[in-house]
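Here's the structure, in structure tokens; my notes come after.
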């Protein structure tokens, strides 16, 4: 086989790997081309997502010879996309745009209250929205290609697997093989949605977040299976676009998030028309003669079996790292046998010192685009820029883009009490009503803010949780203060911008420990 012959050329007497470099004033540079057509690089990045691209571009700016290897395996439904990874193609970007489309629907319904003569009901055109979103995503794909070219980063659209600790074999869609080697290798392959393959018909008839954003036609009546943020975000915008949507949850929503906030998220979604099947698990999906999908599920509370018919079944039950096809054992890279994620240290290094892993593929890292980007940049600076800065994964802000957005930073109430003890934690909270909800007489009963603090003065803020409009924008601002060690008193002395939702954070005066009911704050 060609790979075996080429790999053999990389090894000297006794089978030892021959790594050849030449020193330059700008650092260690790989030779232009190695044995058997092998190309050598200072840095080889496997994965063209946000973290991998950030690392590659940073290293190139520091004068290194860099290559990026990226390949998208089509989903079981045949969906594939271009350079940029999950966030750009099937994650944050299309999700936020379709979320915005759903929010616009709500604003149109509010418009008559503000004097706009808008005929009701207003119908939504999925095809037109999808075309606009998909065209924008394609422009980002092209933009990433151009950026790599501008920075002289070599891009290979090949599927990579390790030959040894310095070399990978890449295979094109047509089956052509290429060997690439590098002094340092970064694995940034991310993850893909998990399918419940034990459920009859799940793989054949279901879709995932890999597919929903690339559908040309409306998914119609949809069953979303799962309770993750992906499940709730997708269900939220589907309902907002006027589609009949049901969420099937086995246990609790938003596991890992503050559970009081999570319950308010689902309560608001239910009030907006999303149906929830709680404590239920699907057992079978069958395709009917008319093309509809008949789903059978078990109610875990009653033990009864139920059935329902849907146009689309969307699985959102978690993600698995893209490590299985990398042949990590050839390089001696250790993984967690349960999660299949790559084990890394504080420097992002794997069990092989010159091989690193960043982003969703690494064990114990938040599955968030901004953390992968920053981790990638910092790694490149440590390797080639004489920096010592490591990634700080504490107090990372995030937002769940459900119809009523949930932003948070720091510890949940449960985490704070587990870490510090209930007697050492003070929680300030309040319901509030956004001004923009008043004229349209929108329900604001789930708009809620909670600040988790240490009880001992000066009451260091451990976590902030915000449920309401523009939660991401609000949380981002307060995240800086919390990152810098803000106290409750400092937040209370911060002058709010009136009349905004964000100012309500600086008006939290009621403690859960006091026994008082939270009140609606206002002018």
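Each residue, glycine too, has its Cβ placed from N, Cα and C.
Automatic, uncurated: that is what TrEMBL annotation is.
Given the structure is predicted, the values throughout are model-derived calculations rather than measurements.
These come from TrEMBL:
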{"type": "DOMAIN", "residues": "41-376", "note": "domain 'FAD/NAD(P)-binding'"}
{"type": "BINDING", "residues": "96, 360", "note": "FAD binding site"}
{"type": "BINDING", "residues": "226, 227, 228, 229, 230, 231, 232, 233, 318", "note": "NAD(+) binding site"}
{"type": "DOMAIN", "residues": "396-507", "note": "domain 'Pyridine nucleotide-disulphide oxidoreductase dimerisation'"}
{"type": "ACT_SITE", "residues": "498", "note": "active site, proton acceptor"}
Nearest of the recorded positions (96, 360, 498) to residue 318 (NAD(+) binding site), judged by Cα-Cα distance: 360
Cα proximity to the residue listed as 'active site, proton acceptor', best match among binding-site residues 96, 230, 360: 96
Environment of 226, 227, 228, 229, 230, 231, 232, 233, 318, the listed NAD(+) site - residues of the same chain whose CB lies within 8 A of the CB centroid: 224, 234, 254, 316, 317
Summary of DSSP states over the domain 'Pyridine nucleotide-disulphide oxidoreductase dimerisation' (396-507), given as helix, strand and coil counts: 40 helix, 32 strand, 40 coil
Binding-site residues: 230, 232 - member with fewest neighbouring CB atoms within 10 Å: 230
Residue 360 (FAD binding site) versus residue 228 (NAD(+) binding site) - Cα distance in angstrom: 16
Nonlocal neighbours by CB distance (under 8 Å) for residue 360 (FAD binding site), same chain, sequence gap 6 or more: 86, 190, 191, 319, 321, 367, 372
Spatial neighbours of residue 96 (FAD binding site), counting only the binding-site residues 226, 230, 232 and Cα distances within 10 Å: none
For residue 228 (NAD(+) binding site), the number of other Cβ atoms found within 10 Å of its own Cβ: 21
Lowest local Cβ density among 226, 318, which the record lists as binding-site residues, within 10 Å: 318
Cβ-Cβ neighbours of residue 498 (active site, proton acceptor) (radius 10 Å): 9
